[in-house]
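K.L.:
My questions will all concern the structure given below.
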Ligand code: F6R
């Protein structure tokens, strides 16, 4: 595990963007696993900047997002599809037919989960999975509990996750109760993992994830088993390590 701490979000995001840029330059048809949330916004901004400067092209890349809310309407501003378009896809040359996100609008959610696994299987191993961490230790929407799932699945979001994400919605009631998430299988099989954590409010869960016991009660603790894990932190998140 390689843990790096940065003084500013800009430096942290630049490091992550360079990491991804270098990977795509070395392997133009790389398969990237992407995340949403507040944490990677700076990384996506800097990836767009590197694309505009002509330093990288995503034309042959395939991208798989970790998760999507279930039941939001087409084009809902808080869908992860809308997020990815806003922060990354509209600013780079990745063909949209190579950008995959679980279909949260599907009537048959489990069918959509199985379809997503088929696409993941066809694409082969992820070259890189970008990850954030929830306050309860979730990765993607793999929530803490008695068990973890290797495959894409429908998940009932924990109340703490809905509460944390309610800042983007008009009210807590509007936050979807369900989501479709990639399981821990493709995450753990990815060649490289890049975990980004910011803020003192994540310091305690980060300590549990990196130094605590490996347990389904803290899904991110599984990452300790990955042979190529890079963790990028700001000083707040690094406080308890
Ligand atoms: C989102 C995702 C989640 C977030 C986590 C942290 O695709 O996979 O696991 O990474 O909830 O979110 P932020 O960055 O908003 O604190």
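Just so it is clear, glycine is given a Cβ too, placed from its N, Cα and C backbone atoms.
Caution: TrEMBL annotation is automatic and unverified by curators.
Not my notes, these are from TrEMBL:
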ACT_SITE  67  active site, proton acceptor
ACT_SITE  136  active site, for ring-opening step
ACT_SITE  138  active site, proton acceptor
ACT_SITE  143  active site, for ring-opening step
DOMAIN    10-224  domain 'Glucosamine/galactosamine-6-phosphate isomerase'
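Neighbours and distances for these, please.
P.N.:
There are 25 other Cβ atoms within 10 Å of the Cβ belonging to residue 67 (active site, proton acceptor).
Following the DSSP three-state reduction, the secondary structure of residue 136 (active site, for ring-opening step) is coil.
Using a 10 Å radius centred on the Cβ of residue 138 (active site, proton acceptor) and all shown protein chains, the other Cβ atoms total 25.
Annotation for residue 143 (active site, for ring-opening step): same-chain Cβ neighbours under 8 Å, separated by at least 6 residues, are 134, 136, 155, 157, 158, 161, 219.
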K.L.:
Tell me the Cα distance separating residue 138 (active site, proton acceptor) from residue 67 (active site, proton acceptor), rounded to the nearest angstrom.
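P.N.:
It is 12 Å, counting Cα to Cα.
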K.L.:
Taking the Cβ of residue 136 (active site, for ring-opening step) as the centre, count every other Cβ atom within 10 Å, in any protein chain shown.
P.N.:
18
K.L.:
Among the active-site residues 67, 136, 138, 143, name every one whose Cβ is found under 6 angstroms from ligand 1, counting any of its atoms.
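P.N.:
What lies within reach of ligand 1, judged by Cβ under 6 Å, is 67, 138.
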K.L.:
For residue 143 (active site, for ring-opening step), name the DSSP secondary structure in the helix/strand/coil scheme.
P.N.:
coil
